[in-house]
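Copied from Swiss-Prot, the annotated features are:
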SIGNAL    1-18  signal peptide
DOMAIN    19-151  domain 'Ephrin RBD'
CARBOHYD  26  N-linked glycosylation site
DISULFID  51-92  disulfide bond
DISULFID  80-140  disulfide bond
LIPID     182  GPI-anchor amidated serine
């Protein structure tokens, strides 16, 4: 049973270390006034999209903000124009939901167990844009999410790969092989004859 604690502890630590970044996706959010609204996340962090929500009837149904959100490439992000319906990520289309505002979450994980899930990589940026459902204006809400990663250093120019090899791999190094001869002194045939001759003489009649 004690072996089960290790993966469970690792899972709990990873969940505890993950941060959640909240984005209120509506036209009144001042952060969308800038063209470069950017969030920096780490792997396993979450981005929570909070959809527009109206608790009273002071706003006409036709004026309630609703959006289709897309996950697009950089060029489409700059143009604020998706290329395919396959890029649809979510829909904010329940502005008067009784349970409160809809929350749409993206986990920026390296691997996903889901077939249609999205996988993210360190050091890459991902782009979200939206198109309004409630009206036909061209105002673009867009978000850039950058997954921060570790900086990897390339090997130094003075590193010599020969120094990292085992000594036995160097042909100029003399090594003792396992099939080498024994270090015990050898007895030549003449010496064996001298030693055995007295025994042979004792056995003759």
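Indices start at 1 and increase along the chain as displayed.
Positions of Cβ are set from backbone N, Cα and C atoms, glycine also.
Features as recorded by Swiss-Prot, highlighted on the structure.
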residue	record	DSSP (3 states)
26	N-linked glycosylation site	coil
51	disulfide bond	coil
80	disulfide bond	coil
92	disulfide bond	strand
140	disulfide bond	coil
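Listed in sequence order, the residues of the same chain lying 6 or more apart from residue 51 (disulfide bond) and placing their CB within less than 8 Å of its CB are 25, 26, 67, 92, 94, 95, 101, 102, 103, 104. On the 0 to 100 pLDDT scale, the domain 'Ephrin RBD' (19-151) averages 92 in this prediction. DSSP labels the residues of the domain 'Ephrin RBD' (19-151) in these numbers: 16 helix, 45 strand, 72 coil. If you take the C-beta of residue 140 (disulfide bond) and look for same-chain residues 6 or more apart in sequence within under 8 angstroms, you find 80, 129, 130. The Cβ neighbour count for residue 26 (N-linked glycosylation site), using a 10 Å radius and every protein chain shown, is 18. The highest number of surrounding Cβ atoms within 10 Å, among the disulfide-bonded residues 80, 92, is found at 92.
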